[in-house]
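Trainee: Right, I'll just put the structure down here and ask away after.
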Amino acid sequence: MQLNPSEISELIKAKIENLGASSELRTQGTIVSVTDGIVRIHGLSDVMSGEMIEMPGNTFGVALNLERDSVGAVILGDYEHIKEGDVAKCTGRILEVPVGRGLLGRVVNSLGQPIDGKGPIAADSSMPIERIAPGVIERKSVDQPVQTGLKSIDAMVPVGRGQRELIIGDRQTGKTAVAIDAIINQKGTGVKCIYVAVGQKASSVANVVRKLEEHGAMEHTIVVAATASDAAAMQYIAPYSGCTMGEYFRDIGEDALIVYDDLTKQAWAYRQVSLLLRRPPGREAYPGDVFYLHSRLLERAARVNADYVEKLTGGAVKGKTGSLTALPIIETQAGDVSAFVPTNVISITDGQIFLETDLFNAGIRPAINAGLSVSRVGGAAQTKVVKKLGGGVRLALAQYRELAAFAQFASDLDEATRKQLERGRRVTELMKQAQYSPMSVSQMALTLFAVNNGYMDEVEVNKILAFEAALQAFMKSKYAAIMDTIETSGNLDGETEKALTAAVEEFKKTGVY
(Lines of atoms letter the chains of each structure in order from A and count residues from 1; the text may use other names and numbers.)
(Lines give C-alpha, C1' and ligand atoms only; values in the text may rest on other atoms or scores of the structure.)
Protein backbone atom coordinates (compact mmCIF):
# COMPACT_ATOMS: atom_id res chain seq x y z
CA MET A 1 0.00 0.00 0.00
CA GLN A 2 1.40 3.33 -1.12
CA LEU A 3 0.93 6.45 1.05
CA ASN A 4 1.70 9.78 -0.46
CA PRO A 5 3.44 12.45 1.65
CA SER A 6 0.33 14.65 1.94
CA GLU A 7 -1.67 11.79 3.56
CA ILE A 8 1.14 11.14 6.03
CA SER A 9 1.23 14.83 7.05
CA GLU A 10 -2.60 14.83 7.46
CA LEU A 11 -2.45 11.76 9.74
CA ILE A 12 0.29 13.37 11.86
CA LYS A 13 -1.74 16.62 12.10
CA ALA A 14 -4.87 14.69 13.20
CA LYS A 15 -2.88 12.80 15.84
CA ILE A 16 -1.39 16.03 17.20
CA GLU A 17 -4.81 17.77 17.29
CA ASN A 18 -6.40 14.89 19.22
CA LEU A 19 -3.51 14.49 21.64
CA GLY A 20 -4.88 14.73 25.20
CA ALA A 21 -1.60 15.64 26.88
CA SER A 22 -1.91 17.88 29.93
CA SER A 23 1.11 19.62 31.34
CA GLU A 24 1.54 20.69 34.97
CA LEU A 25 4.12 23.15 36.19
CA ARG A 26 5.51 22.12 39.58
CA THR A 27 8.72 22.86 41.40
CA GLN A 28 10.45 19.77 42.63
CA GLY A 29 13.69 19.10 44.42
CA THR A 30 15.82 16.28 45.75
CA ILE A 31 15.93 15.13 49.37
CA VAL A 32 19.51 15.54 50.60
CA SER A 33 19.11 14.17 54.15
CA VAL A 34 16.47 12.69 56.49
CA THR A 35 17.18 12.78 60.23
CA ASP A 36 14.89 12.83 63.29
CA GLY A 37 11.81 13.88 61.34
CA ILE A 38 13.63 16.71 59.52
CA VAL A 39 14.32 16.65 55.77
CA ARG A 40 16.70 18.87 53.84
CA ILE A 41 15.67 19.42 50.23
CA HIS A 42 17.80 20.88 47.45
CA GLY A 43 16.29 22.50 44.36
CA LEU A 44 12.96 23.90 45.61
CA SER A 45 13.34 27.40 44.21
CA ASP A 46 9.93 29.06 44.78
CA VAL A 47 8.74 27.52 48.06
CA MET A 48 6.76 29.52 50.64
CA SER A 49 7.38 29.49 54.38
CA GLY A 50 4.87 27.09 55.92
CA GLU A 51 4.06 25.47 52.55
CA MET A 52 3.11 21.80 52.38
CA ILE A 53 5.70 19.69 50.58
CA GLU A 54 4.71 16.36 49.04
CA MET A 55 7.09 13.45 49.52
CA PRO A 56 6.96 9.77 48.48
CA GLY A 57 4.27 7.54 50.01
CA ASN A 58 1.67 10.35 50.23
CA THR A 59 3.64 11.89 53.11
CA PHE A 60 3.67 15.64 53.65
CA GLY A 61 6.06 18.02 55.33
CA VAL A 62 5.99 21.72 56.22
CA ALA A 63 8.76 24.04 55.01
CA LEU A 64 10.11 25.99 58.00
CA ASN A 65 13.70 26.91 57.12
CA LEU A 66 14.27 28.63 53.76
CA GLU A 67 18.04 28.78 53.27
CA ARG A 68 20.26 29.91 50.38
CA ASP A 69 20.64 26.48 48.73
CA SER A 70 18.29 24.18 50.64
CA VAL A 71 14.96 23.98 52.46
CA GLY A 72 14.52 22.50 55.95
CA ALA A 73 11.12 20.88 56.47
CA VAL A 74 9.45 18.90 59.27
CA ILE A 75 7.72 15.66 58.29
CA LEU A 76 4.14 15.17 59.47
CA GLY A 77 3.88 11.49 60.32
CA ASP A 78 6.10 8.48 59.65
CA TYR A 79 9.27 8.94 57.63
CA GLU A 80 10.90 5.48 57.62
CA HIS A 81 10.15 5.05 53.89
CA ILE A 82 11.72 8.39 52.87
CA LYS A 83 15.36 8.21 51.77
CA GLU A 84 18.11 10.38 50.37
CA GLY A 85 17.66 11.06 46.64
CA ASP A 86 13.83 10.89 46.71
CA VAL A 87 11.85 13.60 44.94
CA ALA A 88 9.99 16.28 46.95
CA LYS A 89 7.40 18.54 45.28
CA CYS A 90 5.91 21.92 46.15
CA THR A 91 2.11 21.89 46.50
CA GLY A 92 1.52 25.65 46.44
CA ARG A 93 -0.73 25.29 49.53
CA ILE A 94 -0.30 26.30 53.16
CA LEU A 95 -1.19 23.56 55.67
CA GLU A 96 -4.98 23.33 56.05
CA VAL A 97 -7.36 21.38 58.30
CA PRO A 98 -11.04 20.49 57.82
CA VAL A 99 -13.58 22.63 59.72
CA GLY A 100 -17.32 22.50 60.34
CA ARG A 101 -20.05 20.91 62.45
CA GLY A 102 -19.14 17.46 61.14
CA LEU A 103 -16.14 17.48 63.51
CA LEU A 104 -18.30 17.77 66.66
CA GLY A 105 -18.23 14.59 68.71
CA ARG A 106 -15.07 13.35 66.99
CA VAL A 107 -11.45 12.74 67.99
CA VAL A 108 -8.97 13.89 65.33
CA ASN A 109 -5.20 14.26 64.99
CA SER A 110 -3.29 17.50 64.30
CA LEU A 111 -4.19 17.31 60.59
CA GLY A 112 -7.92 16.87 61.26
CA GLN A 113 -7.88 13.17 60.31
CA PRO A 114 -10.20 10.97 62.42
CA ILE A 115 -8.50 8.66 64.95
CA ASP A 116 -11.62 7.43 66.77
CA GLY A 117 -12.56 4.66 64.31
CA LYS A 118 -15.95 6.22 63.52
CA GLY A 119 -15.38 6.62 59.79
CA PRO A 120 -14.68 9.69 57.63
CA ILE A 121 -15.61 13.24 58.66
CA ALA A 122 -18.14 15.30 56.69
CA ALA A 123 -16.35 18.66 56.87
CA ASP A 124 -17.84 21.90 55.52
CA SER A 125 -14.52 23.17 54.13
CA SER A 126 -10.81 23.51 54.91
CA MET A 127 -9.01 26.48 56.44
CA PRO A 128 -5.29 27.26 56.95
CA ILE A 129 -3.96 26.52 60.44
CA GLU A 130 -2.08 29.85 60.54
CA ARG A 131 -4.43 32.85 60.32
CA ILE A 132 -4.05 36.51 61.19
CA ALA A 133 -5.89 37.45 64.41
CA PRO A 134 -8.80 39.93 64.13
CA GLY A 135 -7.72 43.58 64.24
CA VAL A 136 -8.62 46.17 66.88
CA ILE A 137 -11.59 47.58 64.93
CA GLU A 138 -13.03 44.11 64.29
CA ARG A 139 -13.19 43.25 68.00
CA LYS A 140 -15.94 43.81 70.54
CA SER A 141 -15.54 44.18 74.30
CA VAL A 142 -16.01 41.11 76.48
CA ASP A 143 -19.38 41.43 78.26
CA GLN A 144 -20.94 37.95 78.30
CA PRO A 145 -19.93 35.25 80.79
CA VAL A 146 -18.64 31.73 80.21
CA GLN A 147 -20.10 29.88 83.20
CA THR A 148 -17.62 27.21 84.30
CA GLY A 149 -19.98 25.90 86.99
CA LEU A 150 -17.16 26.14 89.57
CA LYS A 151 -17.98 28.41 92.54
CA SER A 152 -14.39 29.50 93.10
CA ILE A 153 -13.93 30.58 89.46
CA ASP A 154 -17.32 32.13 88.63
CA ALA A 155 -17.37 34.09 91.91
CA MET A 156 -13.71 35.18 92.14
CA VAL A 157 -12.00 34.89 88.73
CA PRO A 158 -14.85 35.06 86.19
CA VAL A 159 -14.23 34.23 82.54
CA GLY A 160 -15.93 36.15 79.71
CA ARG A 161 -16.66 35.09 76.13
CA GLY A 162 -13.64 36.05 74.03
CA GLN A 163 -11.23 36.13 76.99
CA ARG A 164 -7.92 34.26 77.37
CA GLU A 165 -7.69 32.89 80.93
CA LEU A 166 -4.56 30.94 81.81
CA ILE A 167 -4.76 27.87 84.08
CA ILE A 168 -1.34 27.48 85.68
CA GLY A 169 0.07 25.13 88.29
CA ASP A 170 2.39 22.21 89.00
CA ARG A 171 1.65 18.71 87.74
CA GLN A 172 -1.18 16.87 89.51
CA THR A 173 -2.94 20.01 90.81
CA GLY A 174 -6.18 19.54 88.86
CA LYS A 175 -5.58 21.82 85.85
CA THR A 176 -7.23 19.47 83.33
CA ALA A 177 -10.11 18.80 85.77
CA VAL A 178 -10.97 22.54 85.87
CA ALA A 179 -10.96 22.74 82.05
CA ILE A 180 -13.05 19.56 81.61
CA ASP A 181 -15.63 20.82 84.14
CA ALA A 182 -15.87 24.06 82.14
CA ILE A 183 -16.49 22.04 78.93
CA ILE A 184 -19.16 19.87 80.61
CA ASN A 185 -20.94 23.00 81.90
CA GLN A 186 -21.35 24.36 78.33
CA LYS A 187 -23.92 21.64 77.60
CA GLY A 188 -27.13 23.30 76.44
CA THR A 189 -25.60 26.81 76.19
CA GLY A 190 -24.77 26.65 72.47
CA VAL A 191 -21.03 27.09 73.15
CA LYS A 192 -18.97 24.68 71.03
CA CYS A 193 -15.84 23.31 72.72
CA ILE A 194 -12.46 22.19 71.39
CA TYR A 195 -10.10 20.24 73.65
CA VAL A 196 -6.51 20.13 72.35
CA ALA A 197 -4.34 17.48 74.04
CA VAL A 198 -0.61 18.05 73.43
CA GLY A 199 2.05 15.53 74.47
CA GLN A 200 -0.23 13.58 76.82
CA LYS A 201 -0.46 9.83 77.26
CA ALA A 202 -2.98 8.25 74.89
CA SER A 203 -4.65 6.62 77.92
CA SER A 204 -5.18 10.07 79.54
CA VAL A 205 -6.83 11.40 76.37
CA ALA A 206 -9.03 8.28 76.19
CA ASN A 207 -10.12 8.90 79.82
CA VAL A 208 -11.04 12.51 79.03
CA VAL A 209 -13.08 11.44 75.97
CA ARG A 210 -14.86 8.79 78.05
CA LYS A 211 -15.75 11.31 80.78
CA LEU A 212 -17.05 13.79 78.19
CA GLU A 213 -19.22 11.06 76.66
CA GLU A 214 -20.55 10.01 80.09
CA HIS A 215 -21.70 13.56 80.82
CA GLY A 216 -23.17 14.16 77.36
CA ALA A 217 -20.58 16.82 76.53
CA MET A 218 -18.99 15.10 73.53
CA GLU A 219 -21.91 16.22 71.32
CA HIS A 220 -20.66 19.82 71.42
CA THR A 221 -16.92 19.03 71.62
CA ILE A 222 -14.06 18.36 69.19
CA VAL A 223 -10.98 16.60 70.62
CA VAL A 224 -7.67 17.27 68.83
CA ALA A 225 -5.05 14.81 70.08
CA ALA A 226 -1.29 14.91 69.51
CA THR A 227 -0.15 12.33 72.05
CA ALA A 228 3.33 11.77 73.50
CA SER A 229 3.99 9.08 70.87
CA ASP A 230 3.30 11.49 67.97
CA ALA A 231 6.09 13.37 66.21
CA ALA A 232 7.21 16.71 67.69
CA ALA A 233 5.94 18.47 64.54
CA MET A 234 2.42 17.11 65.16
CA GLN A 235 2.52 18.34 68.79
CA TYR A 236 3.71 21.76 67.60
CA ILE A 237 0.86 22.28 65.09
CA ALA A 238 -1.99 20.73 67.17
CA PRO A 239 -3.00 23.98 68.99
CA TYR A 240 -3.10 25.90 65.68
CA SER A 241 -5.31 23.21 64.12
CA GLY A 242 -7.70 23.31 67.08
CA CYS A 243 -7.77 27.12 66.97
CA THR A 244 -8.77 27.08 63.29
CA MET A 245 -11.62 24.66 64.07
CA GLY A 246 -12.80 27.06 66.81
CA GLU A 247 -12.48 30.11 64.56
CA TYR A 248 -14.96 28.55 62.14
CA PHE A 249 -17.69 28.90 64.81
CA ARG A 250 -16.49 32.37 65.88
CA ASP A 251 -16.62 33.64 62.30
CA ILE A 252 -20.24 32.52 61.72
CA GLY A 253 -21.48 34.42 64.78
CA GLU A 254 -21.38 31.60 67.34
CA ASP A 255 -19.46 31.10 70.59
CA ALA A 256 -16.64 28.59 71.07
CA LEU A 257 -14.36 27.59 73.95
CA ILE A 258 -10.92 26.08 73.36
CA VAL A 259 -8.68 24.38 75.93
CA TYR A 260 -4.96 23.95 75.15
CA ASP A 261 -3.68 21.14 77.40
CA ASP A 262 -0.91 22.12 77.62
CA LEU A 263 1.21 24.82 75.97
CA THR A 264 4.34 23.88 77.94
CA LYS A 265 4.57 20.64 75.97
CA GLN A 266 3.93 22.53 72.72
CA ALA A 267 6.87 24.83 73.56
CA TRP A 268 9.02 21.74 74.23
CA ALA A 269 8.02 20.25 70.86
CA TYR A 270 8.78 23.54 69.09
CA ARG A 271 12.16 23.75 70.86
CA GLN A 272 12.95 20.21 69.68
CA VAL A 273 11.99 21.01 66.07
CA SER A 274 13.94 24.30 66.12
CA LEU A 275 17.11 22.71 67.49
CA LEU A 276 16.92 19.93 64.88
CA LEU A 277 16.56 22.63 62.21
CA ARG A 278 19.79 24.16 63.61
CA ARG A 279 18.13 27.41 64.66
CA PRO A 280 20.18 29.34 67.25
CA PRO A 281 19.02 28.61 70.84
CA GLY A 282 18.27 31.34 73.39
CA ARG A 283 17.11 31.29 77.02
CA GLU A 284 16.49 27.75 78.35
CA ALA A 285 17.51 26.55 74.83
CA TYR A 286 14.21 27.84 73.39
CA PRO A 287 14.40 29.57 69.99
CA GLY A 288 14.13 33.36 69.79
CA ASP A 289 10.51 33.35 68.59
CA VAL A 290 8.94 31.22 71.36
CA PHE A 291 6.98 34.27 72.59
CA TYR A 292 5.56 34.75 69.09
CA LEU A 293 4.72 31.01 69.02
CA HIS A 294 2.15 31.57 71.80
CA SER A 295 1.14 35.19 71.14
CA ARG A 296 0.02 34.53 67.55
CA LEU A 297 -2.01 31.56 68.80
CA LEU A 298 -3.70 33.24 71.78
CA GLU A 299 -4.42 36.53 69.98
CA ARG A 300 -6.79 34.59 67.71
CA ALA A 301 -9.12 34.07 70.70
CA ALA A 302 -11.36 37.15 70.65
CA ARG A 303 -14.90 38.47 70.62
CA VAL A 304 -15.63 39.84 67.13
CA ASN A 305 -18.31 42.37 66.21
CA ALA A 306 -21.35 41.88 63.95
CA ASP A 307 -19.75 43.70 60.98
CA TYR A 308 -16.82 41.26 60.97
CA VAL A 309 -19.17 38.24 61.04
CA GLU A 310 -21.36 39.73 58.28
CA LYS A 311 -18.31 40.41 56.09
CA LEU A 312 -16.86 36.90 56.53
CA THR A 313 -20.21 35.16 55.91
CA GLY A 314 -20.93 37.29 52.83
CA GLY A 315 -24.03 38.79 54.48
CA ALA A 316 -25.54 35.39 55.37
CA VAL A 317 -25.31 36.12 59.13
CA LYS A 318 -26.32 39.60 60.29
CA GLY A 319 -26.39 41.25 63.70
CA LYS A 320 -24.57 38.43 65.52
CA THR A 321 -21.24 38.64 67.32
CA GLY A 322 -18.93 35.64 67.57
CA SER A 323 -16.37 34.67 70.18
CA LEU A 324 -13.54 32.24 70.79
CA THR A 325 -12.59 31.89 74.46
CA ALA A 326 -9.22 30.29 75.25
CA LEU A 327 -8.21 28.39 78.40
CA PRO A 328 -4.50 27.69 77.88
CA ILE A 329 -2.85 25.42 80.47
CA ILE A 330 0.76 25.83 81.60
CA GLU A 331 2.62 23.37 83.81
CA THR A 332 5.14 24.87 86.23
CA GLN A 333 8.09 23.18 87.94
CA ALA A 334 7.93 23.45 91.76
CA GLY A 335 5.63 26.47 91.56
CA ASP A 336 8.12 28.58 89.57
CA VAL A 337 5.94 31.03 87.64
CA SER A 338 9.00 33.15 86.77
CA ALA A 339 10.33 30.61 84.24
CA PHE A 340 10.47 31.58 80.56
CA VAL A 341 7.27 30.05 79.14
CA PRO A 342 5.00 30.78 82.18
CA THR A 343 5.99 34.49 82.21
CA ASN A 344 5.43 34.72 78.45
CA VAL A 345 1.92 33.26 78.60
CA ILE A 346 0.97 35.25 81.74
CA SER A 347 1.85 38.46 79.86
CA ILE A 348 -0.21 37.42 76.80
CA THR A 349 -3.39 36.28 78.59
CA ASP A 350 -6.15 38.32 80.30
CA GLY A 351 -5.64 36.74 83.71
CA GLN A 352 -4.67 33.47 85.35
CA ILE A 353 -6.13 30.81 87.61
CA PHE A 354 -3.26 29.72 89.86
CA LEU A 355 -3.51 26.18 91.27
CA GLU A 356 -1.36 25.23 94.27
CA THR A 357 -0.01 21.83 95.32
CA ASP A 358 -0.33 22.64 99.06
CA LEU A 359 -4.03 23.50 98.71
CA PHE A 360 -4.63 20.40 96.59
CA ASN A 361 -2.95 18.16 99.18
CA ALA A 362 -4.95 19.87 101.95
CA GLY A 363 -8.14 18.70 100.21
CA ILE A 364 -9.16 22.12 98.89
CA ARG A 365 -10.18 21.21 95.35
CA PRO A 366 -10.23 22.99 92.95
CA ALA A 367 -6.94 24.16 94.52
CA ILE A 368 -7.29 27.80 93.47
CA ASN A 369 -5.07 30.37 95.18
CA ALA A 370 -7.46 33.35 95.48
CA GLY A 371 -4.61 35.79 96.12
CA LEU A 372 -2.57 35.05 92.99
CA SER A 373 -5.50 34.29 90.65
CA VAL A 374 -6.94 37.24 88.73
CA SER A 375 -9.27 37.95 85.82
CA ARG A 376 -8.44 41.20 84.06
CA VAL A 377 -11.57 41.52 81.89
CA GLY A 378 -14.02 38.92 83.26
CA GLY A 379 -15.57 41.28 85.84
CA ALA A 380 -17.44 43.13 83.09
CA ALA A 381 -18.88 39.82 81.87
CA GLN A 382 -19.90 38.39 85.25
CA THR A 383 -23.57 37.53 85.86
CA LYS A 384 -25.08 40.36 87.95
CA VAL A 385 -26.22 38.18 90.84
CA VAL A 386 -22.85 36.38 91.15
CA LYS A 387 -20.98 39.70 90.88
CA LYS A 388 -23.15 41.20 93.63
CA LEU A 389 -22.65 38.26 96.00
CA GLY A 390 -19.15 37.12 94.98
CA GLY A 391 -17.31 40.26 96.09
CA GLY A 392 -17.86 39.44 99.76
CA VAL A 393 -16.45 35.95 99.28
CA ARG A 394 -13.22 37.18 97.73
CA LEU A 395 -12.80 39.78 100.48
CA ALA A 396 -13.49 37.21 103.21
CA LEU A 397 -10.85 34.87 101.76
CA ALA A 398 -8.25 37.63 101.33
CA GLN A 399 -8.76 38.85 104.93
CA TYR A 400 -8.69 35.28 106.23
CA ARG A 401 -5.30 34.52 104.61
CA GLU A 402 -3.86 37.73 106.07
CA LEU A 403 -5.30 37.19 109.56
CA ALA A 404 -4.52 33.45 109.66
CA ALA A 405 -0.79 34.21 109.37
CA PHE A 406 -1.07 36.90 112.07
CA ALA A 407 -3.24 34.74 114.38
CA GLN A 408 -0.48 32.13 114.71
CA PHE A 409 1.53 34.58 116.83
CA ALA A 410 -1.31 36.27 118.72
CA SER A 411 -2.48 34.61 121.92
CA ASP A 412 -5.80 36.38 122.41
CA LEU A 413 -7.87 37.77 119.55
CA ASP A 414 -10.64 40.35 119.70
CA GLU A 415 -14.19 39.36 118.75
CA ALA A 416 -14.14 41.02 115.28
CA THR A 417 -10.90 39.26 114.27
CA ARG A 418 -12.17 35.92 115.57
CA LYS A 419 -15.39 36.35 113.53
CA GLN A 420 -13.41 37.11 110.37
CA LEU A 421 -11.27 34.01 110.90
CA GLU A 422 -14.34 31.84 111.45
CA ARG A 423 -16.04 33.26 108.32
CA GLY A 424 -12.83 32.70 106.32
CA ARG A 425 -12.63 29.04 107.40
CA ARG A 426 -16.20 28.48 106.28
CA VAL A 427 -15.71 30.23 102.94
CA THR A 428 -12.56 28.16 102.29
CA GLU A 429 -14.51 24.97 103.03
CA LEU A 430 -17.42 26.16 100.87
CA MET A 431 -15.18 26.69 97.84
CA LYS A 432 -14.55 22.94 97.69
CA GLN A 433 -16.44 21.26 94.87
CA ALA A 434 -16.50 17.69 93.58
CA GLN A 435 -15.31 17.02 90.03
CA TYR A 436 -17.95 16.68 87.26
CA SER A 437 -20.59 18.45 89.38
CA PRO A 438 -20.91 21.99 87.98
CA MET A 439 -23.43 24.37 89.58
CA SER A 440 -26.03 26.55 87.89
CA VAL A 441 -26.12 30.34 88.44
CA SER A 442 -29.08 30.08 90.85
CA GLN A 443 -27.39 27.33 92.93
CA MET A 444 -24.21 29.40 93.12
CA ALA A 445 -26.17 32.53 94.07
CA LEU A 446 -27.95 30.64 96.86
CA THR A 447 -24.66 29.37 98.35
CA LEU A 448 -23.00 32.81 98.15
CA PHE A 449 -26.09 34.51 99.61
CA ALA A 450 -26.14 32.12 102.59
CA VAL A 451 -22.45 32.57 103.46
CA ASN A 452 -22.44 36.37 102.90
CA ASN A 453 -25.42 36.92 105.18
CA GLY A 454 -23.97 34.86 108.02
CA TYR A 455 -26.35 31.91 107.79
CA MET A 456 -23.38 29.53 107.95
CA ASP A 457 -21.54 31.23 110.82
CA GLU A 458 -22.92 28.83 113.47
CA VAL A 459 -22.50 25.72 111.31
CA GLU A 460 -19.43 23.61 112.13
CA VAL A 461 -16.73 23.79 109.44
CA ASN A 462 -16.83 20.03 108.75
CA LYS A 463 -20.61 20.25 108.16
CA ILE A 464 -20.53 23.21 105.74
CA LEU A 465 -20.78 21.13 102.54
CA ALA A 466 -23.56 18.99 104.03
CA PHE A 467 -25.41 22.21 104.98
CA GLU A 468 -24.99 23.51 101.41
CA ALA A 469 -26.30 20.26 99.85
CA ALA A 470 -29.30 20.19 102.22
CA LEU A 471 -30.09 23.86 101.52
CA GLN A 472 -29.93 23.28 97.74
CA ALA A 473 -32.25 20.26 98.02
CA PHE A 474 -34.68 22.20 100.27
CA MET A 475 -34.88 25.15 97.85
CA LYS A 476 -35.31 22.85 94.85
CA SER A 477 -38.22 21.00 96.44
CA LYS A 478 -40.05 23.87 98.20
CA TYR A 479 -39.00 27.12 96.52
CA ALA A 480 -38.19 26.16 92.92
CA ALA A 481 -39.94 29.35 91.69
CA ILE A 482 -37.40 31.59 93.48
CA MET A 483 -34.51 29.59 91.99
CA ASP A 484 -36.06 29.80 88.50
CA THR A 485 -36.45 33.59 88.84
CA ILE A 486 -32.76 33.99 89.74
CA GLU A 487 -31.70 31.59 86.93
CA THR A 488 -33.69 33.37 84.19
CA SER A 489 -33.07 36.98 85.27
CA GLY A 490 -29.46 36.51 86.43
CA ASN A 491 -30.19 39.18 89.03
CA LEU A 492 -31.33 39.49 92.65
CA ASP A 493 -33.88 42.31 93.10
CA GLY A 494 -35.32 43.46 96.43
CA GLU A 495 -38.44 41.30 96.26
CA THR A 496 -36.54 38.11 95.36
CA GLU A 497 -33.98 38.86 98.07
CA LYS A 498 -36.74 39.11 100.72
CA ALA A 499 -38.24 35.80 99.55
CA LEU A 500 -34.79 34.17 99.56
CA THR A 501 -34.06 35.45 103.08
CA ALA A 502 -37.36 34.04 104.37
CA ALA A 503 -36.72 30.68 102.65
CA VAL A 504 -33.17 30.31 104.06
CA GLU A 505 -34.38 31.25 107.56
CA GLU A 506 -37.14 28.65 107.28
CA PHE A 507 -34.53 26.06 106.31
CA LYS A 508 -32.32 27.01 109.28
CA LYS A 509 -35.25 26.37 111.65
CA THR A 510 -35.70 22.82 110.29
CA GLY A 511 -32.12 21.94 111.31
CA VAL A 512 -32.00 19.00 108.88
CA TYR A 513 -28.30 19.41 108.18
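Glycine residues also receive a Cβ, built from the backbone N, Cα and C atoms like all the rest.
Quick paste of what Swiss-Prot says about this protein:
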type	residues	note
BINDING	Gly169, Asp170, Arg171, Gln172, Thr173, Gly174, Lys175, Thr176	ATP binding site
SITE	Ser373	site 'Required for activity'
Trainee: Which is it, of Gly169, Gly174: the one of these binding-site residues whose Cβ has the most other Cβ atoms within 10 Å?
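Mentor: Of Gly169, Gly174, the one with the most crowded Cβ is Gly169.
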Trainee: What three-state class does DSSP give Arg171 (ATP binding site)?
Mentor: coil
Trainee: Name them in sequence order: residues not among Gly169, Asp170, Arg171, Gln172, Thr173, Gly174, Lys175, Thr176 whose Cβ is within 8 Å of the mean position of the Cβ atoms defining the ATP site.
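Mentor: Output for this site, in sequence order: Glu331, Leu355, Thr357, Phe360, Ala367.
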Trainee: Comparing the binding-site residues Arg171, Lys175, which residue's C-beta has the most other C-beta atoms within 10 angstroms in this structure?
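Mentor: Result of the Cβ crowding comparison: Lys175.
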Trainee: 10 Å Cβ neighbour count around Thr173 (ATP binding site)?
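Mentor: Other Cβ atoms within 10 Å of Thr173 (ATP binding site): 26.
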Trainee: Out of Gly169, Arg171, Gln172, Thr173, Thr176, point to the one nearest Ser373 (site 'Required for activity') in space (Cα versus Cα); all of them are binding-site residues in the record.
Mentor: Gly169
Trainee: Go through Gln172, Thr176, Ser373, the listed recorded positions, and name the one with the sparsest Cβ surroundings, counting other Cβ atoms within 10 Å.
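Mentor: Ranked by other Cβ atoms within 10 Å, the recorded positions Gln172, Thr176, Ser373 bottom out at Gln172.
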Trainee: For Ser373 (site 'Required for activity'), which DSSP three-state class applies?
Mentor: coil
Trainee: So if I measure Cβ to Cβ from Asp170 (ATP binding site) and keep only same-chain residues at least 6 apart in sequence, which ones fall under 8 Å?
Mentor: Glu331, Thr332, Gln333, Ala334, Gly335, Leu355, Thr357
